[in-house]
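Visitor: TrEMBL feature annotations, pasted as is:
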{"type": "BINDING", "residues": "G65, S66, G67, K68, G69, T70, R178, G221", "note": "ATP binding site"}
{"type": "BINDING", "residues": "R91, K112, I113, V114, G139, F140, P141, R142, R182, R193", "note": "ribonucleoside 5'-phosphate binding site"}
{"type": "BINDING", "residues": "N146", "note": "CMP binding site"}
Amino acid sequence: MWRRATSLASFSPLVSSFKSSFFIQEASRPKIWEMFTTGIPLQEKGNIRPKHGAPFITFVLGGPGSGKGTQCAKIVDTYGLKHLSAGDLLRKEIASDSEYGSMILNTIRLGKIVPSEVTVKLLRKEMESSDNHKFLIDGFPRSEENRIAFEEIMEAEPDIVLFFNCPEEEMVKRVLSRNQGRIDDNLHTVRKRLKVFEELNLPVIEHYAKRGKLHKIDAVGTVDEIFEQVRPIFAAYERRLKES
Ligand SMILES: Nc1ncnc2c1ncn2[C@@H]1O[C@H](COP(=O)(O)OP(=O)(O)O)[C@@H](O)[C@H]1O
Ligand SMILES: Nc1ccn([C@H]2C[C@H](O)[C@@H](COP(=O)(O)OP(=O)(O)O)O2)c(=O)n1
Ligand SMILES: [Mg+2]
């Protein structure tokens, strides 16, 4: 079910930011017009609203290995949000042999960011089919392009943005001992991902700081110590989180 039709013209900022990032990516990527015709129907927008009230959206940001996934598991256990990891959705897409599988694999292997249309499409599918409208979106948006695509297509903004702030060498150490067999968990790719994080994700973090939505968390310490910083942020929304 889509909410309402919109002309492609209203996506011009998205289209132009798309074009610029598109041209620096490899030839194996789908062409921009293929993304618009075979990807999500851009003339239509997503519908993630529950019958009553509004969805509750948390974005979880931080560099690779900063502990996003680990803290998300604790947030889900305590507050019952629906966890959507952008990275997990992309890895599932690779494993399912989808039309974008090889492009996603190559992008992740290089430590780069997958074009927003693909990632937003995956998030949108999960959000629209979920009975739980309290979303914990992990590892997204990783760039201004990601953020703008989400806001334009989903017509929604986050209620809360968590930023797990972690020193680089600690992130490197954690990624290299993660042991999940991930293709991007090696020293070369992690260095590249840290550079991409600084260049593309920090502007998103600054954007939400300016809008008063950012909660910066010191990501050094034990998992429980870090969760003690997270808990009061959600506790402040307890009543809303209890609504169906
Ligand atoms: N506070 C912490 N201290 C030490 N190691 C941690 C901590 N939090 C998570 N880890 C470990 O670091 C690695 C990366 O954590 P993860 O949650 O996958 O981070 P991210 O999702 O941000 O990449 C995992 O092996 C995890 O078990
Ligand atoms: N919004 C996103 C999220 C992840 N990706 C790609 C690029 C990232 O390096 C990989 C892995 O993301 P993931 O969130 O699982 O990585 P970390 O948990 O931070 O280690 O996926 C993306 O292109 N766009
Ligand atoms: Mg993760």
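Using the three backbone atoms N, Cα and C, a Cβ is placed for every residue, glycine included.
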Visitor: Least buried of the binding-site residues G65, P141, going by other Cβ atoms within 10 Å?
Guide: G65
Visitor: So if I take the binding-site residues (S66, K68, G69, T70) and measure from each Cβ to the nearest atom of ligand 3, which come out below 6 Å?
Guide: K68, G69
Visitor: Near ligand 1, which of the binding-site residues show up if the criterion is a Cβ under 6 Å from one of its atoms? Options: K68, R91, I113.
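Guide: Cβ < 6 Å from ligand 1, in sequence order: K68.
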Visitor: Given the binding-site residues R91, G139, P141, N146, which one's Cα is the least distant from that of G67 (ATP binding site)?
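Guide: Minimum Cα distance from G67 (ATP binding site) across R91, G139, P141, N146 lands on G139.
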Visitor: Counting across all protein chains shown, how many other Cβ atoms sit within 10 Å of the Cβ of G69 (ATP binding site)?
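Guide: Its Cβ shell of radius 10 Å holds 18 other Cβ atoms.
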Visitor: Spatial neighbours of I113 (ribonucleoside 5'-phosphate binding site) among the binding-site residues G65, S66, K68, T70, R178, G221, defined as Cα within 10 A: which are they?
Guide: none
Visitor: Of the binding-site residues G67, T70, G139, R178, R182, G221, which ones put their CB under 6 Å from ligand 2?
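Guide: Going through G67, T70, G139, R178, R182, G221 in sequence order, those close to ligand 2 turn out to be G139.
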